[in-house]
Amino acid sequence: MEALGFLKLEVNGPMVTVALSVALLALLKWYSTSAFSRLEKLGLRHPKPSPFIGNLTFFRQGFWESQMELRKLYGPLCGYYLGRRMFIVISEPDMIKQVLVENFSNFTNRMASGLEFKSVADSVLFLRDKRWEEVRGALMSAFSPEKLNEMVPLISQACDLLLAHLKRYAESGDAFDIQRCYCNYTTDVVASVAFGTPVDSWQAPEDPFVKHCKRFFEFCIPRPILVLLLSFPSIMVPLARILPNKNRDELNGFFNKLIRNVIALRDQQAAEERRRDFLQMVLDARHSASPMGVQDFDIVRDVFSSTGCKPNPSRQHQPSPMARPLTVDEIVGQAFIFLIAGYEIITNTLSFATYLLATNPDCQEKLLREVDVFKEKHMAPEFCSLEEGLPYLDMVIAETLRMYPPAFRFTREAAQDCEVLGQRIPAGAVLEMAVGALHHDPEHWPSPETFNPERFTAEARQQHRPFTYLPFGAGPRSCLGVRLGLLEVKLTLLHVLHKFRFQACPETQVPLQLESKSALGPKNGVYIKIVSR
């Protein structure tokens with residue numbers, strides 16, 4: 001009894017604290033590495049993960065460089081961990097086809113972090129399963145050639161402001177960062193086309209829309225918070241969603257209120273009075289269900305296999321009423337995605353194309369001749385003439401997107417356990433398509449670091465191995481806005497090159513340093529000179 005009493009005394013004393021501390025440390029040690037055996041069990045090679053954070057430090061130089069390193073060290077099928085989340089990285093064309101097309105029903109959804117802005121989460125980019133299918137089907141009509149043709153004048157109006165600004169640099173002869181000019185220009189396009197709110201970023205940098213756009217793209221998660229989110233996602237992600245965040249709430253509130261005000265105004269107007277912009281196209285489609293099936297959603301396939309802008313017969317059907325019309329939040333979400341793609345991706349694509357033309361004057365001269373001939377025939381270009389009348393510009397843009405794909409990685413989630421070409425994929429796994437590594441694989445693209453638009457002649461395209469060129473993804477969940485994005489890039493370069501010639505100068509960084517926190521872009525801008533023609 002005395003012994004038991006002694007034991008009881010000790011158990012109730014400091015040893016309890018010590019025992020609990022040891023148990024907690026042991027639990028933390030186990031937790032810190034418990035998620036890091038899954039890739040090995042799948043037979044996939046990967047960098048050695050660090051406790052809690054996985055391979056976060058592997059990506060400190062940026063996702064673009066690290067993607068290339070992963071492909072080089074571990075092959076076309078490998079993996080990594082960000083915190084406790086496992087990623088399976090694929091740069092093998094046949095397997096990509098299986099994931100994006102053949103087994104699409106099991107890989108319908110994109111990965112979501114749970115931290116997306118409310119407006120982004122309600123966009124077609126992140127909607128899931130049946131609701132994604134309904135909204136995507138409704139929005140398909142907003143990107144028809146007929147609807148896009150109505151947006152050409154709005155893009156051209158914003159381009160006029162860009163040309164006036166560039167003229168000052170041509171007159172001064174000074175080197176300048178043309179990426180900053182494209183940033184202002186794409187802000188104007190997004191405001192006008194997606195939010196129904198014309199702005200002039202050049203003359204009114206303090207405009208509320210301009211300021212909130214800059215705040216949105218400057219928004220980032222502090223590194224210590226990121227480490228906590230990755231290390232303890234089941235606790236930290238729900239906590240981050242409910243905790244007050246003034247910056248996030250102000251941005252959400254501004255864009256939401258802006259769209260709601262425009263919708264209220266449009267609903268009061270007669271149809272002929274309404275501005276014909278992207279927002280109106282979405283509003284027109286909000287009650288209409290598409291008669292198409294998921295198999296008809298692959299708009300990228302249509303764009304790259306079409307002969308001009310002839311309508312697709314499978315899409316010539318009358319829509320039926322939608323069982324659950326698009327909500328205001330979902331309409332705001334589509335405008336928000338236009339903001340992300342229209343600002344960052346279009347800006348970077350224009351910047352890369354300008355850099356490549358400035359540093360490859362022979363290609364630029366060939367393009368200038370095509371532009372001049374086109375302008376003689378089409379002083380006010382329309383969508384169809386842009387689609388069919390500028391083959392070399394198409395080749396230049398295609399090669400730009402091969403070398404510098406802004407969306408150089410995208411994901412799909414496995415809904416159920418499955419096997420893809422002999423590789424076991426567990427339910428919930430995140431599959432990452434390594435577009436950058438694929439586009440720079442010499443097996444598919446000889447001399448991949450060389451700018452060569454001739455890779456994309458009509459004859460050369462026929463020789464490309466399928467699923468080795470994915471700047472807009474592939475399959476039913478490929479980029480819905482591909483036509484609009486290409487239209488904006490083509491129309492901009494057409495107008496700019498009709499007036500100016502790009503010149504490399506001592507300030508031009510060759511080769512460009514790249515930044516890849518999200519989309520791929522120039523790290524230090526694109527400094528060139530321009531000369532009036």
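Including glycine, each Cβ sits where the backbone N, Cα and C put it.
Annotation comment: Swiss-Prot describes 1-10, 97-223, 357-533 as topological domain 'Cytoplasmic', evidence class a curator's inference. As annotated by Swiss-Prot, transmembrane segment applies to 11-31, 76-96, 224-244, 336-356. Summarising the annotation, Swiss-Prot assigns topological domain 'Lumenal' to 32-75, 245-335. For CYS479, the entry in Swiss-Prot reads heme binding site, with the evidence type similarity to another entry.
Most Cβ pairs under 8 Å to the transmembrane segment (224-244), among the stretches 11-31, 76-96, 336-356, belong to 76-96. For the transmembrane segment (336-356), same-chain residues at least 6 beyond its ends with a Cβ under 8 Å from one of its own Cβ atoms are 117, 119-120, 123-125, 178-179, 182-183, 185-187, 189-190, 193-195, 213, 216-217, 255, 278, 363, 396-397, 399-401, 403-404, 406-407, 451, 479, 481, 485, 488-489, 492-493, 502, 508, 512, 518-522, 525-526, 528. DSSP classifies CYS479 (heme binding site) as coil under the three-state reduction. When DSSP labels each residue, the topological domain 'Cytoplasmic' (97-223) comes out as 83 helix, 2 strand, 42 coil, counted as helix, strand and coil in that order. Long-range contacts of the transmembrane segment (11-31) within the same chain: residues 51, each at least 6 residues beyond the stretch ends and with a Cβ under 8 Å from a Cβ of the stretch. Through the fold, the topological domain 'Lumenal' (32-75) approaches residues 81-86, 88-89, 91, 227, 230-231, 408-409, 423-426, 434, 436-437, 440-441, 514-517, 520 of its own chain, all at least 6 residues removed from its boundaries and within a Cβ separation under 8 Å.
Every protein chain shown contributes to the tally, and the Cβ of CYS479 (heme binding site) ends up with 22 other Cβ atoms within 10 Å. For the topological domain 'Lumenal' (32-75), the DSSP counts in helix, strand and coil order read 22 helix, 2 strand, 20 coil.
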